[in-house]
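Enquirer: Quick one: structure below, then a few questions.
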Amino acid sequence: MIVDLPLRRIQQFARLGAKHQSSVLIRLHTKGGIVGIGESITPCGPWWSGDSVEAIQATINHYLAPLVVGEPALDASRIMAKLHGRVAGNAFAKAGIEMALLDAVGKIVDAPIHVLLGGRFRDRLSVAWPLATGDVNQEVDEAFRMLEAGKAGAFKLKMGALPLAQDLRRALAIAKELEGKASLRVDPNEAWDEPTTMRALAPLEAAGVEIIEQPVARWNLDAMARIHRQARSMLLIDEGVQSLHDASEVVKRAAAGLVSLKIMKTGGMRPARAMADIANAGGMHVYMGTFLETSIGTAANMQLAASIESLPYGGEVIGPLLIEEDLCEVPAVYKEHALWLPEGPGLGIRLDENQVRRFARASSQRIDRHSA
């Protein structure tokens, strides 16, 4: 089923803003009575990847779920290989199914998913909060509220929706207010071209901006490589690295210093974990990105993060802080400027069925499939 959840404020990206977040909720029932939970989620409809929750739901119902029904849940790797062999692309839909499978497997063997991914390196992840209203005063106030509440210790400014000169004034003003208190990163979401990015580097770096994320179009790895050679700030690639092949190309071309991991874009936790290994082998660090997941997907992100040795810049897994309502009995825990690993088998979460019913889209078809 699709659930539609309100946001606490508009989340402004370079090209559009989100007022709510929609998620495809997936339940996988085993013959032994275990229920695996997953979600597929994408912000603002199809602008980021071409996927929408409506298309994701249809793909799962008509093409992916029939390939899963009757299979042993413990054979999660083989099941996912089967899906990849029969259905091209559709990473977001596949990620939700893999999440439900791994949640079920974890519950069957009584172990959290990070154990299935190789074990735990950490129980918390430092959090960066997105500043995305476009108003400097509001953004500064929001940053200090998050700092004082212990929810986040770094901030990422969404850029690209305003003219460059105005955006730079905004960034420099916020950097000045945060100086000595918190670090600042910026994300133009592909809105700039290479010359614009080169013009922006000097003032941003002089202001102490530590990360610049995906300034140019996702396909332009050559430009990313040139920017990376020029920049003193860490260059983070996101839209430009969505598959394991993409990751190998980024390493080969030295097109960034930091790779954004997102479970949805890679098609699941296991391919995201493999992407981290490719990046690390190429001398790059990784970063936990977000698609504004609910506490379901946030738990999956934290299970993945727990299994990764080095995350020097943490991540921005902040969906439950921005989404006004939650689908879990115990929402994700944020304290000491970090997201904490949930306890328990699988994802470590339990659905709040009243909340699910409250926010379920009336026309949504339930995705409720049975495995072995």
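Any Cβ shown, glycine's included, is placed from N, Cα and C.
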Enquirer: Given that Swiss-Prot annotates E213, D238 as Mn(2+)-binding, name the residue from D187, D193, D277 that shares the site.
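Expert: Candidate in the recorded Mn(2+) site: D187.
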Enquirer: To test your reading of the Mn(2+) site: which residues beyond D187, E213, D238, same chain only, put their Cβ within 8 Å of the Cβ centroid of those residues?
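Expert: Residues close to the Mn(2+) site, other than D187, E213, D238: K156, R185, P188, N189, I211, I212, Q214, L236, I237, E239, S260, G289.
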Enquirer: Rounded to a whole angstrom, what is the C-alpha distance between D187 (Mn(2+) binding site) and K158 (active site, proton acceptor)?
Expert: 5
Enquirer: Looking only at C-alpha atoms, tell me how far E213 (Mn(2+) binding site) is from K158 (active site, proton acceptor), rounded to the nearest Å.
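Expert: With distance taken Cα to Cα, K158 (active site, proton acceptor) is 10 Å from E213 (Mn(2+) binding site).
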Enquirer: Between K158 (active site, proton acceptor) and E316 (active site, proton donor), how far is it from one CA atom to the other, in Å?
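Expert: Spelling it out, the Cα of K158 (active site, proton acceptor) and the Cα of E316 (active site, proton donor) are 13 Å apart.
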Enquirer: Once the chains shown are all counted, how many other Cβ atoms turn up within 10 Å of the Cβ of D187 (Mn(2+) binding site)?
Expert: 26
